[in-house]
Amino acid sequence: MSTPLEYYHSLPPVSKVYGVSCLMTTAAYYLQLYDPKNIALIYSLVIKKFQIWRLITNFFFLGPFSFRFAFRLIIIAKYGVSLERGPFDKRTADYVWMLIFGALSLLVMAAIPYCWTPFMGSSLVFMIVYIWSREFPNARINIYGVVSLKGFYLPWAMLALNLIFGDLLMPDILGMVAGHLYYFLTVLHPLAVAYWGEGTQFNSPVQRDPSAGTAFRGRSYRLNSSQTNTRERTQTRRRSSPSPPPPPPQQGSNQPAFSGRSYRLDS
């Protein structure tokens, strides 16, 4: 796009809202409009003081302005937009449900003390990366212009980079777990069910197992189809064509002297 405003208007709605919300949350933090402790995920305050907003607001804080923050925002702008324009094209509700499912999964995992982090936004962003890698496994990507690899290996490469830079690995691992859980329930499991003949998934690339068998196999015809019309024309032609004369009776046989075709009245 020629201007940043045109680029902003060209973004799909869900990625635009989430990315801008994360940017505004960090900007408000630098303007000292709130204390990050008031939006962090603290289950004791959620349960005892009924501060339910913490279950939502913790996903919008990606940390202070830094290289890590910019990198996570770029992930939303690149891979999140690619998902929304590709596999989730004209399926905005499904894309929103993917994010909601990931958030709920992360909240459940955060209930375990070892997996808890005060802000789960980075895990949700990493979930987007994992699902993108499964939807575009053969896409070629470059990491810092040094390493070129397929899209399927992108989450593992980013995990290795975080390990090299000394970042925490637990948020990224939780994002991978949430992404794999969503991909398994929405793609892998329905494909396996359709493959073994227990159900049907439309537009599925997996062929059904021929050894599974079917309870009934036959041929169906549509009403007023060409095959039905052809059969009716053939029967009409047979009725209208004159029948061949019967053979003459032979001497000594029990065949009657006259044989012909009988017709019912009002037929």
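Cβ coordinates are placed from backbone N, Cα and C, and glycine is handled just like the others.
Automatic, uncurated: that is what TrEMBL annotation is.
The transmembrane segment annotation in TrEMBL covers 17-34 (among others). Under 8 Å from some Cβ of the transmembrane segment (17-34) lie the Cβ atoms of residues 11, 57, 60-65, 69, 72-73, 76-77, 80, 99, 121, all in the same chain and six or more residues away from its ends.
Residues 15, 18-19, 21-23, 25-26, 29-30, 36, 39-41, 46, 103, 107, 118-122, 124-126, 128-129, 167 of the same chain lie 6 or more positions beyond the ends of the transmembrane segment (55-76) yet place their CB under 8 Å from a CB of it. The transmembrane segment annotation in TrEMBL covers 55-76 (among others).
For the transmembrane segment (96-129), the residues of the chain that approach it from at least six positions outside its boundaries are 14, 18, 22, 36, 40-43, 55-56, 58-63, 72, 75-76, 79-80, 83, 88, 154-155, 158, 168, 170-172, 174-179, 181-182, judged by C-beta separation under 8 angstroms. Sequence annotations record features per position, and here TrEMBL assigns transmembrane segment to 96-129 (among others).
Taking Cβ pairs closer than 8 Å, the transmembrane segment (141-165) reaches residues 126, 129-130, 132-134, 172-173, 176, 179 in its own chain, all 6 or more past its ends. Among the features that TrEMBL reports, transmembrane segment is placed at 141-165 (among others).
Among the features that TrEMBL reports, transmembrane segment is placed at 177-197 (among others).
The region 'Disordered' feature in TrEMBL is assigned to 206-267.
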